[in-house]
Amino acid sequence: MSTSSSVTQKNLDTNAEALKKEDKVLSEFDIQDERPKSLLWESAFVGVLCSAQLMTQAGLGQSLAPLHIIGNSFGTTNAGQLSWFASAYSLTVGTFILIAGRLGDIFGHKKFFVLGFFWYALWSLLAGFSVYSNQIFFDCCRAFQGMGPAFLLPNAIAILGRTYKPGRRKNMVFSLFGASAPGGFFLGAVFSSMLGQLAWWPWAYWIMGIACFVLAVAGYFVIPHTPMPSRDASSFKLLERIDFAGSVTGVVGLILFNFAWNQGPVVGWQTPYTYALLIVGTFFLVIFAYIESRAAFPLLPFAALSSDTAFVLSCIAAGWASFGIWIFYTWQFMEDSRGQTPLLSSAQFSPVAISGFCAAVTTGFLLSHTPPSTVMLFAMTAFTVGTILIATAPVHQTYWAQTFVSIIVMPWGMDMSFPAATIMLSDSMPHEHQGLAASLVNTVVNYSISIGLGIAGTIESRVNDGGAKPLKGYRCSWYMGIGLSGLGIFVAATYAWSTFMKSKKRISEKQHFIE
């Protein structure tokens, strides 16, 4: 009996010591960083950090606009192979965000922000030089290129979050960060179209590499120095804090699962390795879940997740998968079906920058007067309406009818869903896991774009009669997007109703208590 008591007491002491260590680690995340002291310095500071979002979306736009120009240089016309130009990039952006955020927490956010831009610069340059190689090397460069934004986004958000206290200034800075996304996509599309059409497409990637190098150097100088988080090697192992086992199994599972979905339309699902990789990827994700449930410092703490988290992430996954389908096939529709040049198509997409900025400002106002669940419902509706408009647009219809309205509407889905989801997750998570909210949203956004393209590509390859009827394939892919965003509306409406009923119940209980 005494032996059992001593063992129990020893376990309690060990658990208490572990909790103290974890509290020490988590307290490091709450440190307030020094804000730049002058307006000029602060403007440069915010500009460099917002460039993380801008360059991330520019990386997506630079492959979509000159898609066929790049494909022709490699002798590629298959839609499934072309979709890899965008999906390989989004795959790694979504896969590595959680790991990048954890590394930033341990080794310093500024360090990994700067390294992210250097990495982005290197693989942008190599993507341009892939013109001398083949499409497979270009796809690999795009995948490695996407790891740069994966390190930029969570660390930029963490730096901003630690620098600004809650208030109007912080809301303004985060609104600017969100508004950079549509503008970044437009800039990437315009410059890559112009260079691809009038000069040589690799120049878009070489210029991107130079710009990222300049931003890396700028980030080193304009981001204030922050003290390195303390790491007591005698207290806990570094690999345990990084969650090495969870990171490896999670990355392998996500990559294999996504690769199978995007490669299936290219080689056909009857090819054995496609469904084999899908099964193996799922197996690794199951192992990842098992490891995370027992890890001391889990990359994805299941204890912090709730039914509210599932609702929010389901909405984001459905809406942004729909967005990925919309933007990829709208570009194909403009260039293939309507015979437009990449530069003209980019010009027609220019309203996304203005509409996105208006959406970001409006969302900031709505979130202070309307429940985030209602804003999320509006966002899912925007995704659905925008996709319906382009899916039913006749080929020879004027741009100013359905296409223009669709391009105006879709940024509202983008810029309303992201901040609403971040706030909703933040409200539903414990204080010590606040940094996880934005990282989770970013992960699901980018991974869903890539998966959505894989699902749509499978549908397109089944209905376009071997490429003889491309328009039929585009429309059926859009219909899939409508189904996904419609599912988002259903989930958002259910969540909004559930939130309303919970609020009503709390008010009723409070009144009953007062009486």
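Each residue, glycine too, has its Cβ placed from N, Cα and C.
The topological domain 'Extracellular' annotation in Swiss-Prot covers 1-78 (among others).
Annotated transmembrane segment per Swiss-Prot: 79-99 (among others), in sequence order, evidence recorded as sequence analysis. Same-chain residues lying 6 or more positions outside the transmembrane segment (79-99) and placing a CB less than 8 Å from one of its CB atoms are 56, 59-60, 63-64, 67-68, 70-71, 135, 138-140, 142-147, 149-151, 153-154, 247, 250-251, 254-255, 258-259, 262, 265-266, 299-300, 324, 328, 332, 439-440, 442-450, 453-454, 457, 460-461, 464, 467, 470, 473.
According to Swiss-Prot, the topological domain 'Cytoplasmic' annotation covers 100-111 (among others).
With a threshold of 8 Å between CB atoms, the same-chain residues lying at least 6 positions outside the transmembrane segment (112-132) that come near it are 49, 52, 55, 59, 73, 100, 103-104, 138, 141-142, 144-145, 147-152, 155-156, 159, 200-206, 208-213, 215-216, 219-220, 223. Annotated transmembrane segment per Swiss-Prot: 112-132 (among others), in sequence order.
The feature topological domain 'Extracellular' is assigned by Swiss-Prot to 133-140 (among others), with sequence analysis given as support. Residue counts for the topological domain 'Extracellular' (133-140) under DSSP (helix as H, G, I; strand as E, B; rest coil) come to 6 helix, 0 strand, 2 coil.
The feature transmembrane segment is assigned by Swiss-Prot to 141-161 (among others).
Each residue in the topological domain 'Cytoplasmic' (162-171) has a pLDDT score, and their mean in this model is 77. According to Swiss-Prot, the topological domain 'Cytoplasmic' annotation covers 162-171 (among others).
If you look at the transmembrane segment (172-192), the same-chain residues 6 or more away from its ends with a CB under 8 A from one of its CBs are 46, 49-51, 53-66, 156-157, 160, 164, 201, 204, 207-208, 342-343, 345-347, 349-350, 352-353, 355-357, 360-361, 363-364, 411, 414-415, 418-419. For 172-192 (among others), the entry in Swiss-Prot reads transmembrane segment.
Residues 36, 41, 44-45, 48-49, 51, 55, 58-59, 62, 66, 110, 113-115, 117-118, 120-122, 124-125, 127-128, 148, 159, 188, 191-192, 195-196 of the same chain lie 6 or more positions beyond the ends of the transmembrane segment (203-223) yet place their CB under 8 Å from a CB of it. Swiss-Prot lists 203-223 (among others) with the feature transmembrane segment.
The transmembrane segment feature in Swiss-Prot is assigned to 242-262 (among others).
The list of residues near the topological domain 'Extracellular' (263-270) in space but at least 6 beyond its ends in sequence, with Cβ under 8 angstroms from a Cβ of it, reads 78-81, 83-84, 277, 454, 457-458, 460-461. Positions annotated as topological domain 'Extracellular' by Swiss-Prot: 263-270 (among others).
What Swiss-Prot records for 271-291 (among others) is transmembrane segment, and it gives sequence analysis as the kind of evidence.
Here Swiss-Prot flags 292-310 (among others) as topological domain 'Cytoplasmic', drawing on sequence analysis.
As annotated by Swiss-Prot, transmembrane segment applies to 311-331 (among others).
Per Swiss-Prot, topological domain 'Extracellular' is recorded for 332-346 (among others), and the stated evidence type is sequence analysis.
Sequence annotations record features per position, and here Swiss-Prot assigns topological domain 'Cytoplasmic' to 368-374 (among others). Helix, strand and coil residue tallies for the topological domain 'Cytoplasmic' (368-374), in that order: 3 helix, 0 strand, 4 coil [DSSP].
Panel annotation: around the transmembrane segment (242-262), residues 80, 83-84, 87-88, 91-92, 94-96, 98-99, 102-103, 106, 274-275, 277-278, 280-285, 287-288, 291-292, 295, 297-300, 447, 450-451, 453-455, 457-458 of the same chain, lying at least six beyond its termini, place a Cβ under 8 Å from a Cβ of the stretch. Taking DSSP states H, G and I as helix and E and B as strand, the topological domain 'Cytoplasmic' (292-310) has 10 helix, 0 strand, 9 coil. Only residues 6 or more beyond the boundaries of the transmembrane segment (141-161), in the same chain, are considered here, and those with a CB under 8 A from a CB of the stretch are 33, 46, 49-50, 52-53, 55-56, 59, 63, 84-85, 88-101, 103-105, 109-110, 112-113, 115-117, 119-121, 123-124, 126-127, 130, 170, 173-174, 177, 212, 223, 435, 438-439, 442. Among the listed stretches 311-331, 375-395, 436-456, the one sharing the most Cβ pairs under 8 Å with the transmembrane segment (480-500) is 311-331.
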